[in-house]
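If you scroll down you'll find the structure; I have some questions about it.
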Amino acid sequence: MASLVLSECGIKPLPRVYTKPRTGFTSYNIKTPIKSGFFQSQKTGTDLKLNSIWNLTSGSSRRERNWGLKVSATLKVAPIDGEERGERINGASGDGGDFDFGAPPPFKLADIRAAIPKHCWVKDPWKSMSYVVRDVTIVFGLAAVAAYINNWVFWPIYWAAQGTMFWALFVLGHDCGHGSFSNDPKLNSVVGHILHSSILVPYHGWRISHRTHHQNHGHVENDESWHPLNEKTYKSLDIAAKILRFTVPFPLLAYPIYLWGRSPGKKGSHFDPSSDLFVPSERNDVITSTICWTAMAALLVGLNFVMGPMQMLKLYGVPYRIFVMWLDFVTYLHHHGHEEKLPRYRGKNTIGLISHMGSWEFLLANLQTEAARPVLGKYYREPKKSGPLPFHLFGDLITSLRRDHFVSDEGEVVILAWSPILRFLASGFAMASFVLSECGIKPLPRVYTKPGTGFTSCNIKTPIKSGFFQSQKTGTDLKLKSIWNLTSGSSRRERNWGLKVSAPLKVAPIDGEERGERINGVSGDGRDFDFGAPPPFKLADIRAAIPKHCWVKDPWKSMSYVVRDVAIVFGLAAVAAYINNWVFWPIYWAAQGTMFWALFVLGHDCGHGSFSNDPKLNSVVGHILHSSILVPYHGWRISHRTHHQNHGHVENDESWHPLNEKTYKSLDIATRILRFTVPFPLLAYPIYLWGRSPGKKGSHFDPSSDLFVPSERNDVITSTICWTATAALLVGLNFVMGPMQMLKLYGVPYWIFVMWLDFVTYLHHHGHEEKLPWYRGKEWSYLRGGLTTIDRDYGWINNIHHDIGTHVIHHLFPQIPHYHLIEATEAARPVLGKYYREPKKSGPLPFHLFGDLIRSLRRDHFVSDEGEVVCYQTDPQLGKSSK
């Protein structure tokens, strides 16, 4: 991404300002000069000049601005972490005179009102509606153009424009909430509901809280929007919460969280009619808005079925996030980020030093926004002139977030102070790099071969030479050496695999480049064999080798695993909620996400019928386990059955099946990169549930999807209802526990579970040292497809996720319970012989598999449109793009 021009943004290091605090509550005379890179005052009362120079070109043309800034007051601030600091209150000297923001202004609200022309108060509903029609037309027009062009060069332009138009719709709905749209409350309410609901804002809930903001603007405790944290509340936040609140881009993504849980130190929700935000007479209005919001959310979910989640993300999801950033950006900068420090107020008139200026008043606080300039005079802060786009405001935003952190717990006139520790931490974090040597990630070599003349050729005509492989002649065994340095000394371990290059595959060239692909065969005992030919044994031979007791399903034993895993899940959540420490949270996320994955595997066994012989028990347990982690049990069970019945088939397989060349070429470059670049493939599962894979249509939630036959539709409806009930429960828990706590307890573990699921599923069908074949037509059989799957070793995780790594036997015989899979695999190995691929031994944690994942994503992109035995090919252009 191109860097934002810092000089345009005005980002500079903040000066360290030291003052001697007065003994009183607030002091309005400086006794010591303030010296910094920005300000130098030689004596009290000296005007300070700032020159802002903007070089418009490389030549001498430039423009200057001067502001006369007067250092007028210091404020005593309680020290943090042992450091004593003071803060400034600057007053703008518009005409060279001095004034104090601690004192009431020399005019009243009525004086400003009288200065505003009468016609400015007239509300014209027709003119207001014309803006609505204009903006709505632009919104739909932009969406239509973007959907028609559907080009990744245009999408970013669309997102910026549409997100800005969403923000424009919000402002019109905001006017409805204030009653400035028209004099008709019903018209205001109808238009406001339509505009705000369309961008997922609860109209009345937000209108009422925003009214509270206007009625209490500038008040420390009673303000509602971006109000300052007092020192006690600030100190109660852990360091991670502080960093999230004051580090870009997180504050610009806060609005949806604010709607659900308000700001730190305040309770309630804009969706909850019983919230402290609302009085009883307003609760029906809040319920109405929440219903409208829910209807809009349901409409968006429905459009996911019609248009697909990726298209909805591009058309609505990204613009929505741009709108949220606009809202937070504008709202924050209208109350923060000026060159001078802005005061905040509390309380009522008091006696003594501050009796003449210590009260909060509507007018005094409202001087933080524009009003009638002739009356306001020097109390009006002239905004900086912007270029075509307001890049200069990013500097104000970042500067404010680095200095404006909290206000004192005491005092009726206070100023935002900053924490040196937070400023140090927020200045930049060095993310820990993943150990590449442990993952085995290396640049992939370019492999060039001359394809044979036949459809599949079983003799190599030229040797393959690369950093990984060297063959001096046809039939020569290739040796691979894997060396892992365990310590900095000489201790190391080695592994050798004998690999036999047995057949190249003729592949249609892409973009004029001729390429061939290899099919490697494992020479376990030195004999050659061809994966293009059927294996010398049958499925019945494997079945006969497996002991009879391995087929027995023990429901009590199965339930014991459920009880174990559920107890661990609730135990981990209880411990994490009790400790509530940011040192422990990452440990909890990794452990709980892995346990969610373990629950999924048990529900997966229910779907296969390997949990017990009782279909009702399987269905009940499966629904409970899968719904708890937002998986539609029957919808996924049926699609997963399709995967097992068609494993290894190019077109008919369901899970991580290969794209044919035609489908692959139809994808734009951005979609290709997303599909084959970590971490995006590890986040794909929820999207797959809603929209399946490229080239396939339907949804796991839609009973009319091509995934299901008519007799299965009632089952799908049942699962969708259970999924919806869990989603509603999670939303309800947001009200009870707060969205941040729910994110920590459930949200992050859910995404860890999703990553586990995609990681394991992908690697059981991809990423082996040898190229794995895929079949079509007469060449495909259930046995040959099952033999393309791969066993994996996950170290300590094997027992936790119920030995799902023993995948070959599971795919051939999914009715075998997970607790018999290891024994069944060992019994079947003599029959499978060289067709069984021995998994690499793992350490305690399967870090070695990350290397297999990344290598596969960089080489396994598509298969030929033709041929009954095909292998993955590599798109060289994607390789260049990913670099």
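A Cβ is built for glycine as well, from the same backbone N, Cα and C atoms used for every other residue.
Remember, TrEMBL labels are computer predictions, not curated facts.
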Transmembrane segment per TrEMBL sits at which of 286-306, 307-327, 580-600?
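Going through 286-306, 307-327, 580-600 one by one, TrEMBL gives transmembrane segment for 286-306.
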Which one of these stretches, 243-261, 414-432, shows up in TrEMBL as transmembrane segment?
243-261
When you scan the chain for residues with a C-beta under 8 Å from the transmembrane segment (743-763), skipping those not six or more beyond its ends, what do you find?
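Same-chain residues near the transmembrane segment (743-763) but 6 or more away: 573, 576-577, 585, 588-590, 592-597, 600, 629-630, 655-656, 679, 681-686, 730, 733, 737, 790, 792, 801, 804-805, 849, 852-853, 856.
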By a Cβ-Cβ criterion of under 8 Å, what residues six or more beyond either terminus of the transmembrane segment (131-149) are in contact with it?
155, 158, 161-162, 165-166, 168-169, 172, 191, 195, 311, 314-315
